[in-house]
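Beneath this line is the structure, given in structure tokens, with notes to follow.
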Amino acid sequence: MKTATHPSYDEVRVQCACGNSFATRSTHKGDIHVEICSACHPFFTGKQKLMDTAGRVERFRRKYAKADKQADKQ
């Protein structure tokens, strides 16, 4: 069998733009810099903004209900 066919799997430091950092293992050489992590992402922090999809659905139904009524008249 060949020797040294697999890359080295070493510990690396991941640094976020918010200042958070953590250690993980990777074949990447050197530190990894990311723009967003689980400490600052709105989904994980619970500060995400929910969209009003119910209002959009009602507006869609009203729009096409009018179109159906006009089509029935013709």
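Each Cβ is built from the backbone N, Cα and C atoms, and glycine gets one as well.
According to Swiss-Prot, the protein has these features:
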type    : residues                   : note
BINDING : Cys16, Cys18, Cys37, Cys40 : Zn(2+) binding site
Cβ-based neighbourhood (8 Å from the centroid) of the Zn(2+) site, residues Cys16, Cys18, Cys37, Cys40 excluded: Ala17, Gly19, Asn20, Val34, Glu35, Ile36, Ser38, Ala39, His41
All-chain count of other Cβ atoms within 10 Å of Cys37 (Zn(2+) binding site): 17
Cys40 (Zn(2+) binding site): tally of other CB atoms within 10 A of its CB: 15
For Cys18 (Zn(2+) binding site): DSSP state (helix, strand, coil): coil
